[in-house]
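A short worksheet on the structure shown next.
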Amino acid sequence: MESETSFVPEVTENIAMDSAEKRLNELGYKQELRREMTMFKTLAISFSTMTLFTGITPLYGSSLQYAGPASLVWGWVVVCFFTWFVGIAMAEICSSFPTTGSLYFWAAHLAGPKWGPFSSWCCAWLETIGLIAGIGTQAYAGSQTLQSIILLSTGTNKGGGYFAPKWLFLCMYIGLTVIWAALNTFALEVIAFIDIISIWWQVIGGAVIVIMLPLVALTTQSASYVFTNFELAPNTTGISSKPYAVILSFLVSQYSLYGYDAAAHLTEETKGADKNGPIAILGSLAIISVFGWAYILALTFSIQDFAYLYDPNNETAGAFVPAQILYDAFHGRYHNSAGAIVLLFIIWGSFFFGGLSITTSAARVVYALSRDKGVPFSFLWRKLHPKHKVPTNAVWLCAAICILLGLPILKVNVVFTAITSICTIGWVGGYAVPIFARMVMPEKNFKAGPFYLGKARRPICLVAFLWICYTCSVFLLPTLYPITWDTFNYAPVALGVGLGLIMVWWVLDARKWFKGPVRNINAQNGKV
């Protein structure tokens, strides 16, 4: 048996090798993507994928309505607590396996030779579904924010303002998706530069909103109202069960607190990824935990009239609760909506940056899975741009599927609920597979990276796995009663059909040839 140095392709000889690149070679992959990302750039992309506003803003109104402010505010704290177990578990695995395939690569190696291919197959497709749906959630919520900006800019709902109809809403949705794909066609340095703007945009913009909004509002709610008020809205939501209402009010936090795995998708392009990958995962989670709660508190303290937020005859047509809170604050103080429009533009920028980063992550996962021949017509999606060395075809495939997901906007009113549920279950569900495998595998088979949990790994992984299972379950629940065609949560049907077809494909065909990640370095002679 030759030494580990013999695994390294000849092109890397006589060149100081990055520790993560060395580990990549040991795992059986050659370095194809450009390793130019610094820790800060990786953190920027990871944070941009999570984003400060994009999770909280679109679901804030519905979550507030289910059980009142206290459940929403404390729900963020509870969800953050359990999410940290997931983040820590993933950081350890990322440190050991710094590969672009990330989650499904981890699943294959951690589950062992017997279960590795099946675990890898399930994880890869869950993650792919979640990420592509994630592009759709950003495009939808970004269009919703733009719809409110246009409405307030043209006179408000009461003043004859223009409320974008469904066909125009769909055009905005498609336009955002295409712009993100076009930008991802360029070199990764362009995306990294934009995401550095993103992290400052969100940190500075978030600070401005969090500080300014309560100061501008003519009146603010009392601390007892924000932290202790609990009230149901059975006439609107159809839900009279307190435990059920609390569960649904937590959805905004569960939807917001994931996406930190973006750092793992870029590990083959990050310097010192075995160290910087875990730092980016935990760093982005820390930032969003603090700023997210501050944003929720700022919105909740600034509420002027709770019932008026949901009135279809109000200035924002009752369509977007955060926009109405901003309008009430600035119009009440200055008798115009200019300030609200500016802050909504800051929030819209967050959606723009978030969608761009998720497109980057989705394309990397499709590229990695195609490299391992796990996607139909893999030879197309694994091609890299000859100059920029980015998976251009995979980028446009993700964009095309995202656009198809958005087409029902023209006829169905619950599209966002379905896409959000699909995104969360697929994305977070993909986390569960490698974490479970890490929990049950023999410790002697695990080669630890710089970030290592030691004996703490089993309890941490157990809590993380159970929390993920709970999160996926609640996103399958109906969110409004009575259940009709307009209120039905279509996510269970869509996921059932999609995952069912993927499992049938596995049983009938894929299990015969899909073996998980395919090495492109010959372990015996060091040749590609």
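Heads up, the Cβ atoms here are built off N, Cα and C, so glycines get one too.
Annotated transmembrane segment per TrEMBL: 40-61 (among others), in sequence order.
The transmembrane segment annotation in TrEMBL covers 73-94 (among others). Long-range contacts of the transmembrane segment (73-94) within the same chain, counting only residues at least 6 positions beyond its ends with a Cβ under 8 Å from a Cβ of the stretch, are 63, 102, 106, 110, 226-227, 246, 249-250, 252-254, 257-258, 260-261, 263-264, 267, 273, 277-278, 281-282, 285, 289, 292-293, 296-297, 300, 431, 434-435, 438, 448-449, 451-453, 457, 460-461, 463-464, 467-468.
According to TrEMBL, the feature transmembrane segment maps to 167-193 (among others).
Annotated transmembrane segment per TrEMBL: 199-218 (among others), in sequence order. Within the same chain, residues 43-44, 47-48, 51-53, 287, 291, 294-295, 297-299, 301-302, 304, 325-326, 328-330, 332-334, 339, 343, 346-347, 349-350, 353 sit at least 6 positions outside the transmembrane segment (199-218) and bring their C-beta atoms closer than 8 Å to a C-beta of that stretch.
Annotation comment: TrEMBL describes 279-303 (among others) as transmembrane segment.
Outside the transmembrane segment (340-369), and at least 6 residues removed from its termini, the chain residues within Cβ reach (under 8 Å) are 45-46, 48-54, 57, 99-105, 124, 127-128, 131-132, 134-135, 138-139, 141-142, 145-146, 148-149, 152-153, 176-177, 180-181, 183-184, 188, 191, 194-195, 197-198, 201-202, 205, 208-209, 212-213, 259, 261-262, 265-266, 322-323, 326-327, 329-331, 375, 378, 381-382, 384, 390-391, 394-395, 397-399. Summarising the annotation, TrEMBL assigns transmembrane segment to 340-369 (among others).
According to TrEMBL, the feature transmembrane segment maps to 390-410 (among others).
Residues annotated as transmembrane segment in TrEMBL: 416-440 (among others). Cβ atoms under 8 Å from those of the transmembrane segment (416-440) belong to residues 58-59, 86, 89-90, 92-93, 103-104, 106-107, 110-112, 115, 119, 122-124, 126-131, 133-134, 136-137, 140-141, 144, 254-255, 258-259, 261, 405-406, 446, 457-458, 461-462, 464-465, 468-469, 471-472, 475-476, 479, 489-491, 494-495 of the same chain, restricted to positions at least 6 beyond its ends.
Beyond the transmembrane segment (460-481), the same-chain residues lying 6 or more positions past its ends with a Cβ under 8 Å from any Cβ of the stretch are 62, 82-83, 85-86, 88-89, 237-239, 247-248, 250-251, 254, 417, 420-421, 424-425, 428-429, 431-432, 435-436, 438-439, 453, 487-489, 491-492, 495. Taken from TrEMBL, the feature transmembrane segment applies to 460-481 (among others).
Per TrEMBL, transmembrane segment is recorded for 487-508 (among others). Same-chain neighbours of the transmembrane segment (487-508): 118, 121, 125-126, 129, 412, 414, 417-418, 421-422, 425-426, 475-481, 514, counting only residues six or more beyond its ends whose CB sits under 8 Å from a CB of the stretch.
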